[in-house]
Amino acid sequence: MSAAGLLAPAPAQAGAPPAPEYYPEEDEELESAEDDERSCRGRESDEDTEDASETDLAKHDEEDYVEMKEQMYQDKLASLKRQLQQLQEGTLQEYQKRMKKLDQQYKERIRNAELFLQLETEQVERNYIKEKKAAVKEFEDKKVELKENLIAELEEKKKMIENEKLTMELTGDSMEVKPIMTRKLRRRPNDPVPIPDKRRKPAPAQLNYLLTDEQIMEDLRTLNKLKSPKRPASPSSPEHLPATPAESPAQRFEARIEDGKLYYDKRWYHKSQAIYLESKDNQKLSCVISSVGANEIWVRKTSDSTKMRIYLGQLQRGLFVIRRRSAA
């Protein structure tokens, strides 16, 4: 069929409804709509393909990420194992660096400790030398002082002994007691056995350690005057005048010790008795008899509680005079 025949309208049949009219514009619109529909279906198909591709790509990326993470873990684990092996072998760089730093600190502390030890040792040695010198100096000073004190003490004792010896030589003749001449008769058969005479021997001259040098020299001068020949004196001279008992050097007192008591100047004195002690220089001391010995007594001053030793010879010669006093 030709195009004209296709385009020409068919003859209308009798009794049939009229055929619709054909317009070319409508065909074009229909074709355009079909094209648009086909284009839309094509786009939808492309979008579905793209979505499927994106899903596959996401799955592939996730697998790659997991694989990469596992690989990183394995690499890090291998690195740590390698570092641990190097640390055990001592070849790890970080370990060597820190060990070097610790070694430097150790050497520095050792050096400081040695310097401190040296400094302290020098200080101790200096103190030792100083203390040793001070001890030696103190020892020498004490030795010299002790020697001087002993020499002075011995010289003093020597001087006192010489003075006492001189005093005994000068007063020896006056202190000697002449023995009583007695005749021993033959005892008759009926006579009783004679009882021996229990007379107490006179006290010998005692060394005096309580007098000063001035008192000793004064006693020596007095004794020398007594031993020198006396010249006749006129009644008006001072020597002819009667001397008082305290001033007369030739006056002697009766003094003895019996049964732990002192008999002096017709009075008895015992231990712990309060007395006055008068010396030749008119010094009067308040004392208490501390003890009574065989040939001497000890008295204690009430002022300073110092003790003095008084011999019987001194009391007999009048160098010291004892007076009673009230105990209150």
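A Cβ is built for glycine as well, from the same backbone N, Cα and C atoms used for every other residue.
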Going by Swiss-Prot, point out which residue in S234, S248 is annotated as phosphoserine.
S234
Number of helical, extended and coil residues in the compositional bias 'Basic and acidic residues' (56-65), per DSSP:
10 helix, 0 strand, 0 coil
All-chain count of other Cβ atoms within 10 Å of S32 (phosphoserine)
10
Integer Cα-Cα distance in angstrom, K69 (SUMO2 cross-link) to S32 (phosphoserine)
55
